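Structure first, then comments.
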Amino acid sequence: MIGYDILFYTISKYFENILKVKNIINNHITLTKNAIKKIKHLTLSKTNKHLKLRIYILGGGCSGFQYQFVLDEKKNQDDILINAGDVSLIVDPISLQYLNGGKIDYIENFEGSKFIVYNPNAKNTCGCGSSFNI
């Protein structure tokens, strides 16, 4: 009987994780009109028409985690593709857990131009806004 209990526990945890990821996907990340416009400009300005913007979380920065953006044509099997307007954003499942419910904007001002992540999961951010902690 112990073997069946372990198997049942393992299977139930597996499905529990699937449901968590499904809920995250349903509440994923939104992009502002400015972000969509900039992503479209970045991807169309390259000769490779299969490029998409990838966002991921990397350890580092003043607060512990940093947002990273890169143009990428490769979508891994477990990556989530978020479509907004006529652009796509690629996010890996681990980063999506940290970004769940967030919004990405793009601003241009006297300091320069950059993507900004409004992350409801971040407890603190550094002064420049490029790193956060949970």
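Glycine residues also receive a Cβ, built from the backbone N, Cα and C atoms like all the rest.
TrEMBL: automatically predicted annotations, no manual curation.
Secondary structure counts, DSSP: the domain 'Core' (28-129) has 19 helix, 46 strand, 37 coil. Look at TrEMBL and you will find 28-129 tagged as domain 'Core'.
TrEMBL lists C62, C126, C128 with the feature iron-sulfur cluster binding site.
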Legend entry - Packing count at C62 (iron-sulfur cluster binding site) (other Cβ atoms within 10 Å of its Cβ): 14
